[in-house]
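Engineer: Quick one: structure below, then a few questions.
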């Protein structure tokens, strides 16, 4: 359907976005690459110069680098698992005929509107605090010793907080997909004697595959960059128990003010993010005939 | 769904759905309630739910310390401004990818998304230096503030970080629009401009509305660039909240009041527009 | 002339006046911590602007970590976003030496620089030049519950030993009744748990580095410090102590959940404030503990106001910081909010003021603690650095926080003391090597 003229027009319409994103990608990336080979600590402006791969070696040798990679994968994987499975269950539940579907939907999507630092502060102080938090109160009510969430299970606690923020997003997309499912097919299957579990497994789940892919893709992009929640709740600790790659870069950039090593860390993080993205594309990309 | 459901089962699912909804909503509810408690009540053991002396004192204290409306205004400017900018750039791009797809459209889209993978912390120092340079070159000479702590700089950055998502969301929505309609219009002699203005836009409006809302939410809640690149002039509510995170002494009630102030506008917007938001929030996942 | 043009002309004239007024007015941007004393200063700043109508103030009140990262990024790149910054005794000597701060050697005579407490003034000077003025100063000491001590049949000496602290913690510990024997900092951070642990280590005869900048976490003195700390906290500390910093412990103590608390002297006015503390009339004070080695476990810190060299309103900023740290400001706070609430620990004259001494029972103890801290000779064995609870080198923030993480992990039970110390030694060695202090 495309004529020569409309092709030219299409290119003209596409170019502002491409050019802007290209600049937004290339300028910081180029500067980051440049800094990653420089000795550049904000606190020592006079100590500067080319140091080859020194910053990279320094970053990779940081205690907890490998732990940070594992933590990053656990954080992303954990949140994805909770939000996808939880999202499917909640979507199935809300999709049932219930009284007050509208209000319930409003309740369910509300966490998505909460600013990340606010969410982290609320959870940390008012729920997970082992002296004054509501969880501690609940434990005391049950006669149990209060559990120190952020001290004993730091990464799991952060996964919980982040999953709470993203569960609504997953639920919404999955719910919309579920509602587009042809109800006649479901009914036909029911007539044929398929139980609810079989109906879900053989009809609903394949139908949701695309939606699940979208949820995983978008959330991964956002989750790889998470560090505000970690900063507010555990500062990456205790030890390195909740330090992710992004948080490690933060530590270099805004605690040590070592812009050189932070840049090297940024480059490493980009490479790893792209590896993850590649895997993702391989594994689930065929669901996404974008 | 026309299936007849036994009332007992409906009651059960209703109860379950409400329980899940209330559970997810509870942290927000608790924060709002705490914001009206006197500080000692906020940490009382056992916790007090509703039966306390409701007070507005926390809000007064918060307001005395920082003028909420300045920050609110900046949040509105930044989230709406960056969203409109992003839409202006993204609509033509998404249109062109959806209706005149090339061989590399899919790769292009994935590349755009991949620009979001650079960790912001890693590029903070370079960006800070660029903005300082802009301050020296332009702001000091012309008086037009485009550097650190300026609306312009933050608008540009927020636009760019959300642009890939906006393009993708619009693209998937545009693709659902049947191409035959366009061809028919073209037969009738419609120009490209007519096509976009009178046929596509009305059909795409739900998608655009939903993209608009999602982007406003994302921009409102952005809390890295806004905290690190602003001081006062362009500081939005994310910066507002950093003044209350752990002051000395009892602070739960004041923190709750500040949190409530920071989230209330977007929460209310989200509630009122959730239908519009949901309609286009499919990213092409619905066949 | 029509009325329309007249109105327009009038408006133009008005605008011109407005512009003229605005042109004369200098706006200074003040970055400060969200601590109670600073928030009070912000509240009282109307008095300043009334006296100085040509200066307008813009406040940026931030949580400590955010403040530090914003201000450091700005000052190191010469961003020039702030005219007055709130920094501590750690940053002032480093930044002063870098030439990032405006020297304050020309303060007016009535400011009375010589009235500043000598250890504080020394901490804010580089080679005799003052680079920041102290807003409030603090050391650390023991705060304890007089009623619980009495019930336990113990008497707190004025200068307790660490062994006595353990004995008292054991005697007062009663978790069933919600009372923990002792609350100490556990939250990782160079200014949180490491401030306490470094000061404590000083009294155990430990040090961060030897004279050649070799890290010393493999020494027996450090092992003793950490083992003692862990033993104390695991047996008599509150749950979740690895997340407790100053604010968390303050809240616990105010709620009556701690028998003892060793922390900043400024906490004294909060724990004795009947509006916020449930134990206000049951608090006693004692010097920080020691082990008989000649050093006590107390630190020295002063939140101070400084002017970045990149500021474009240096004169107005100077006027402001001189006002905010003056004797007049102290009087103003005393008049409006009572003597117990004046910012402590900066001026000799305050500790000679009978009205203050009467309102603040902890005054003499605070002064003694401050005067006994010596940033130039903080440890039992000689060291190449200054600073009591920190090491005044730029790398310390990063190293201190990473090491603090290890000790927090040990406190949370995720590592043993030996593992944490070995990791600390490894971190410090690597960072010091990377920074070129050692080979």
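Using the three backbone atoms N, Cα and C, a Cβ is placed for every residue, glycine included.
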Engineer: Which one of A:131-154, A:155-178 shows up in TrEMBL as transmembrane segment?
Structural biologist: A:155-178
Engineer: Among A:106-123, A:232-249, where does TrEMBL put the label transmembrane segment?
Structural biologist: A:106-123
Engineer: I need to check the long-range neighbours of the transmembrane segment (A:199-227): which residues 6 or more away from its ends have a CB within less than 8 Å of a CB in the stretch?
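Structural biologist: Hits for the transmembrane segment (A:199-227): 72, 75-76, 79-80, 83-84, 87-88, 92, 116, 162, 166, 169-170, 173-174, 176-178, 180-181, 185-186, 189-190, 244, 246-247, 249-250, 269, 273, 276-277, 280, 284-285, 287-288.
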Engineer: Could you give the residue numbers and ranges of same-chain residues that sit at least 6 residues beyond the transmembrane segment (A:68-94) on either side and whose C-beta is under 8 angstroms from one of its C-beta atoms?
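Structural biologist: Sequence-distant neighbours of the transmembrane segment (A:68-94): 101, 104-105, 108, 155-156, 158-160, 162-163, 166-167, 169-171, 173-175, 178, 200, 204, 208, 212, 215-216, 219-220, 223-224, 226, 240-248, 272, 276.
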Engineer: Would you mind listing the long-range same-chain contacts of the transmembrane segment (A:155-178), meaning Cβ under 8 Å and 6+ residues beyond its ends?
Structural biologist: 71, 74-75, 78-79, 82-84, 86-88, 90-92, 94-95, 105, 108-112, 114, 116, 119-120, 123, 128, 149, 204, 207-208, 210-212, 214-215, 218-219, 222-223, 226, 229-230, 233-234, 241-242
Engineer: For the transmembrane segment (A:106-123), find every same-chain residue at least 6 residues outside the stretch whose CB is under 8 Å from a CB in it, and list them.
Structural biologist: 90, 94, 157, 160-161, 164-169, 171-172, 226, 228-229, 232-233
